[in-house]
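Asker: Dropping a structure here in structure tokens format, bear with me for questions.
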Amino acid sequence: MAGGVGAQIVGRHIYGNLYGCEQQILKDEAALITIVKEAAKVANAILLSIGSYRFGPEGGLTVFAVVAESHISIHTWPEHGFATVDVYTCGDHTDPKAAFDYIVSKLKPRKVEAFFGDRSMYRE
């Protein structure tokens, strides 16, 4: 029971599936790195490091940022026009939904499935 009686919300998590994205942006490592960096700013998160991994010469990409408040990631499957996005932040000063929405605006999917959750700590 997330956020129930006696719970303190310590983090907010939004993640989703993006369908019908243009293949070119999903293959563009430099563009995806820039998008993740900007998403960290939009979320008001402190960027600590960023990395990426390409799965073969024509394969998809994983781009991830470690932020002081947790993480942001994009995983792509260009051959399917598909990406997954994950934004998790701790602290009231951050806005993971704003970061998620920013990434969606840049990847321009035809369809988005978004899921929200909180991470709660229960007092004993």
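Placement of Cβ uses the backbone N, Cα and C atoms for every residue, glycine included.
What Swiss-Prot records for this protein is below:
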ACT_SITE  Ser70  active site, schiff-base intermediate with substrate
ACT_SITE  His75  active site, proton acceptor
ACT_SITE  Cys90  active site, proton donor
MOD_RES   Ser70  pyruvic acid (Ser)
Asker: Just the number: how many Å between the Cα atoms of His75 (active site, proton acceptor) and Cys90 (active site, proton donor)?
Answerer: 22
Asker: Between Ser70 (active site, schiff-base intermediate with substrate) and Cys90 (active site, proton donor), what is the CA-CA distance rounded to a whole number of Å?
Answerer: 7
Asker: Would you count the other CB atoms within 10 A of the CB of Ser70 (active site, schiff-base intermediate with substrate), including those on all shown protein chains?
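Answerer: Looking across every protein chain shown, the total is 21.
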Asker: Once near-sequence residues are set aside, which residues in the chain of Cys90 (active site, proton donor), 6 or more away, have Cβ atoms under 8 Å from its Cβ?
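Answerer: Sequence-distant Cβ neighbours: Val10, Gly11, Arg12, Glu69, Ser70, Arg119.
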Asker: Within 10 Å of the Cβ of His75 (active site, proton acceptor), how many other Cβ atoms can you find? Include all protein chains, please.
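Answerer: The Cβ of His75 (active site, proton acceptor) has 17 Cβ neighbours within 10 Å.
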Asker: Reduce the DSSP letter at Cys90 (active site, proton donor) to three states and note it down.
Answerer: strand
